[in-house]
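The following features are taken from TrEMBL:
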- 1-33: region 'Disordered' (REGION)
- 41-61: transmembrane segment (TRANSMEM)
- 62-304: domain 'Peptidase S11 D-alanyl-D-alanine carboxypeptidase A N-terminal' (DOMAIN)
- Ser94: active site, acyl-ester intermediate (ACT_SITE)
- Lys97: active site, proton acceptor (ACT_SITE)
- Ser154: active site (ACT_SITE)
- Lys275: substrate binding site (BINDING)
Amino acid sequence: MATVSKPRFSSSRQSADNSLPYRSPRRSKPAERRKGQAGMALWFLGLCVSLLFFYIVKVFIPPAIEARSAILIHAETGRVLYAQRADLPLPPASMAKMMTELMVMDAVSSGRHDWNETVAVSRYAEKAPGSQVGMKSGETYTLREMFEALIIHSANDAAIAIAEHLAGSEREFVDSMNRRAREIGLSGRTVFANASGLTAKDLSGFPEAASEGETVMTARDAAMLARWLLQNYPDVVEVTSKRDLSIPQKGISLHTTNLMLPGEPYAYDGSDGFKTGYTRSAGYCFTGTAARNGVRLISVVLGTGHAEQRFTETQKLMDYGFRRQNAILGLFSIHI
């Protein structure tokens, strides 16, 4: 009898063509999982380090400043945020008037003089070259009017008239300026030769001029002088922040030389002072200040190449300072 073969049925555990054996899915071992997680962590750490590097470059690498000398300081602490040949004595031009401002504030705050007292204009004051109000010999102005003309319009006639009024002569006034400079901590590298910041050549035809020497100032001392004024006479910003001065009875209308104030061509958020300067030997100079979110910065540039550059370079310094400050505050505000 023939044997009948029984049909073979494919196992349900084999593939449809019965050619590949069934294999159970493999599960990752714990070590392999840890290896993958470590790789991801290293990748993420590398990304964070790269981002932090570019952030530091953007925020903390200082700008290139096109000036013979420059500095940026934190007004409250005096901490230096940027310095470029900051201790090099250079002609400051009318930035020297900051010291004249301080002498006026000293005189008024001590009670020796009053804002409403009259100041006479001498021939020397009338004829002084450079920026002027247009005062005439024999005219009188109030000390307040002279002070505002000195700051807002950088008036040389006002500077000389103030010096002669407070000290009897510009020579005596300059002696007082230099003594006071040492008292408030300015270095011996800074020396005042007159009340206006004009050069010896500018004043060579005036025997009344204080000396035949030159005024020189370091950027560091200029910043410290502005800081001293702001800390001890904070009301000075009421004048340094003004764009215009009008003396109707004299038919005088003056405009600011500080083009970083609000509404001016180089307006900068928070700017409220401080003092410009220019002579041929000094170049274009500027001490500036701005306050944002409770932080005040003071910058100085000496010897820039043209009138606009003193403001654009100041903007670079201020931007750098406020970026740094905001970054530091942001880091401290992170809650872990």
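Keep in mind that glycine also has a Cβ here, set from the backbone N, Cα and C atoms.
This view paints the features noted in TrEMBL onto the structure.
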residue: Ser94; record: active site, acyl-ester intermediate; DSSP class: helix
residue: Ser154; record: active site; DSSP class: coil
residue: Lys275; record: substrate binding site; DSSP class: strand
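Ser94 (active site, acyl-ester intermediate) sits 7 Å from Ser154 (active site), taking the C-alpha atoms as the reference points. A Cα-Cα distance of 8 Å separates Ser154 (active site) from Lys97 (active site, proton acceptor). Here the recorded positions are Lys97, Lys275, and the one ringed by the most other CB atoms within 10 angstroms is Lys275. Ser94 (active site, acyl-ester intermediate) counts 26 other C-beta atoms within 10 Å of its own C-beta, drawing on all protein chains shown.
Rounded to a whole number, the C-alpha distance linking Lys275 (substrate binding site) with Lys97 (active site, proton acceptor) is 8 angstrom.
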